[in-house]
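Inspection log for the structure reproduced underneath, given as structure tokens.
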Amino acid sequence: MQKLVILGSTGSIGKSTLSVVDNNPEQYQVFALVGGKNVELITEQCQQYQPRFVALDDEQAAAKLKENLTALGLKIEVLAGQKAIYELASHPEVDMVMAAIVGAAGLLPTLSAVQAGKKVLLANKESLVTCGQIFIDEARKSGAKLLPVDSEHNAIFQSLPPEAQEKVGFCPLAELGVSKIILTGSGGPFCTKPLNEFSQITPAQAVAHPNWSMGKKISVDSATMMNKGLEYIEARWLFNASADEMEIIIHPQSIIHSMVRYIDGSVIAQMGNPDMRTPIAHTMAYPNRIYAGVAPLDFFKLKELTFIEPDFARYPNLKLAIEAFAEGQYATTAMNAANEIAVEAFLNDQIRFTDIVEVNRQVVENIAPVQVKEIADVLHIDKLAREVAKQHILQF
């Protein structure tokens, strides 16, 4: 029985992880649940899974949760604040940590799990986007096992040779016969929408993804393809890939989740219905396989598989992310922080859809280049970039 901590249990990935646990109750025990402010849902999760610990970042929410659990007669220890979350992520009894807190808020808890040498199921993009080198170095030092949960990175991982899977972050792609990492993306809900209509896109339209069930922030990132930009940055770090070893393809059906091209002409792809329980189950059971509750792919119902070259005029955020990686860790950190603020402003009807990339670009251009050597540098840039982004938003 493996003990599992879920960082972000009330989010989309967290709920899918619990669904996989439901299908394999004899293999996994939920040791701790970690959430933000959704007291109602995490109360229900505590009733069902009865973890030993539950932690909320918000102290008032934690106090309310404690009342709820006491009223239900549940003897679950309720913790509050970041320090408690770090301690749960690195608890000596824990076997694996699902790192699924969205945004920069998930950075330090995930790092805590890595430094403790845990099996880390990495669903938090920002960990690598903001401090990729630090994460890879810490994982090598502690012996932590990094397993990518993002459907694209998980697909790449599955399509790589076993030697590469054992060297996440430092695998020698060329020596293993790999010529290209091919990152696929659906293109989002506006793949064919006329560009002159982009400024009228509403938050409700942007969060309605055609293939995947995701949270609001990630859905908007998919619509702007910032999601793919962040995944490009992640892939560069996870698979030790150069710019020349990366390729991005728009694949609207989201059936092929990513591919690896080899020097002998072979292309190995991972396919399946678009359901996050597949990569989650893969990382939880690796190197074995477990039932995920996902319907098998029916090839006879597939009408077509199409592939389109990315159009940077349609997806300027994707271009910005690629350029930011070339600039360095400070630029990707600043861009990520700006994007979180810009997407929130868009969802609150403060700026237009087309303004998101303008905020991101302005912040990246106005943050002075600095060398990122430690987490404190990352947190400083992140804070500064958020302040600059908020100032730019006031001008719209």
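Residue numbers in this text run from 1 along the chain shown.
Even glycines carry a Cβ here, placed using N, Cα and C.
Per Swiss-Prot, these features apply:
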BINDING   Thr10, Gly11, Ser12, Ile13, Gly36, Lys37, Asn38, Asn124, Glu126, Gly215  NADPH binding site
BINDING   Lys125, Ser151, Glu152, Ser186, His209, Ser222, Asn227, Lys228, Glu231  1-deoxy-D-xylulose 5-phosphate binding site
BINDING   Asp150, Glu152, Glu231  Mn(2+) binding site
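The secondary structure of Gly36 (NADPH binding site), as reduced to three states from DSSP, is coil rather than helix or strand. According to its DSSP assignment, Glu152 (1-deoxy-D-xylulose 5-phosphate binding site) is helical. Of all the Cβ atoms in the protein chains shown, 17 others lie within 10 Å of the Cβ of Asn38 (NADPH binding site). Highest Cβ count within 10 Å among the binding-site residues Thr10, Ser12, Asn227: Asn227.
Under the DSSP three-state reduction, Thr10 (NADPH binding site) is assigned to coil, being neither helix nor strand. Here the binding-site residues are Asp150, Glu152, and the one ringed by the most other CB atoms within 10 angstroms is Glu152. For the recorded site, Lys125 (1-deoxy-D-xylulose 5-phosphate binding site), the DSSP three-state label reads coil.
Every protein chain shown contributes to the tally, and the Cβ of Glu126 (NADPH binding site) ends up with 27 other Cβ atoms within 10 Å. Between Ser12 (NADPH binding site) and Asn227 (1-deoxy-D-xylulose 5-phosphate binding site), the C-alpha separation comes to 16 Å. Listed in sequence order, the residues Lys125, Pro148, Ser151, His153, Asn154, Leu183, Asn227, Lys228, Leu230, Glu234, Ala235, Ser258 complete the 8 Å Cβ shell around the Mn(2+) site centroid, once Asp150, Glu152, Glu231 themselves are left out.
Lys125 (1-deoxy-D-xylulose 5-phosphate binding site) has a Cβ environment of 24 other Cβ atoms inside 10 Å.
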